[in-house]
Amino acid sequence: MPSLPSPALAYRLEAARAVVHDAARLAMSMRPPPGGPQGELKSAQDWLTETDGAVEAFIAQRMQALFPEDGFQGEEGGISRTGSLRWVVDPIDGTSNYARGRCRWCVSLGLMDGDEPVAGVIDAPALGEVYTALRGYGAFLNGKPIKASPIRDPARSMIEMGWSGRVPKPVFMEKMDAIMALGTMPRSGGCGALALADVASGRLDGYIEIVINLWDVAAALPLLAEAGAVVSPFLQNGGLTGGATILAANPYIGPVLAEAVSIPLK
Ligand code: IPD
């Protein structure tokens, strides 16, 4: 019989789920209609909407009221509080989709214990999907357990690679070329957190992003670990303090993909 989770962590996961639910409703209420992007550019093709700030402020305030001793880090506001437990939020991941009234975006809230990701909630309200995970106690999509896909043959696999202006075009093209040379089906959906959640649920066999940030992946890391996916050492390779590379995949495709794109799993 598995031991019970620490009450402090179990309570935090439940609280996070409720707060993110309310934050996701706020994001839905502010969602732009389908059409050209509504927002401003932070840098090339890197969008910021009014909702990013509103959702981050909402979550920061609610978490401070509930857990004043916990640290807090947001995509927009950086580290505003410190603590041995630290919440890491991406208020809208997939902002470029959100800004055009598309559906593929989410609110992502991860919990770190020191440098260890221990829990995560990813709520994608336009898709009607909520992912939750607590280290040692499983990964779930809308309350049902999920696991990484059993696909072993790259020629039957679907691999996503995230794109951002942070990556020089030749590097992106070289990795994409290596992925496609394996015979895989490529994807690029514009929401790193949901792509990693797709690896955890078996909807994708692998996800690669050359430069991605902690707030994009913090909630997904416990999901991936609990779902049996393999993940390159993102945190150890600079992800705690800046942009770093991530490769996440099912355990069969992972080693093949890692070798093909030269992103070690260890
Ligand atoms: C971005 C998305 C995108 C990924 C970028 C992220 P944002 O986050 O996750 O898919 O490729 O690296 O910056 O800006 O929508 O929060």
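Placed from the backbone N, Cα and C atoms, the Cβ positions cover glycine too.
Database features (TrEMBL):
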BINDING   GLU75, ILE92, ASP216  Mg(2+) 1 binding site
BINDING   ASP90, ASP93  Mg(2+) 2 binding site
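In sequence order, ASP52, VAL89, ASP90, PRO91, ASP93, GLY94, THR95, SER108, ALA193, ASN213, TRP215 are the same-chain residues whose CB sits within 8 A of the CB centroid of GLU75, ILE92, ASP216, the residues recorded for Mg(2+) 1 being left out. Long-range C-beta contacts of ASP216 (Mg(2+) 1 binding site), restricted to its own chain and to partners at least six residues apart, with a cutoff below 8 Å, comprise GLU75, ASP90, ASP93, SER108, GLY192, ALA193, GLU209. Note: ILE92 (Mg(2+) 1 binding site) has non-local neighbours ALA27, THR49, THR51, ASP52, VAL55, TYR98, TRP105, CYS106, VAL107, i.e. same-chain residues 6+ apart with C-beta under 8 A of its own C-beta. Taking all protein chains in view, 20 other C-beta atoms sit within 10 angstroms of the C-beta of GLU75 (Mg(2+) 1 binding site). The secondary structure of GLU75 (Mg(2+) 1 binding site), as reduced to three states from DSSP, is coil rather than helix or strand. In three-state terms derived from DSSP, ASP216 (Mg(2+) 1 binding site) belongs to a helical segment. DSSP assigns ASP90 (Mg(2+) 2 binding site) to a strand segment in the three-state reduction.
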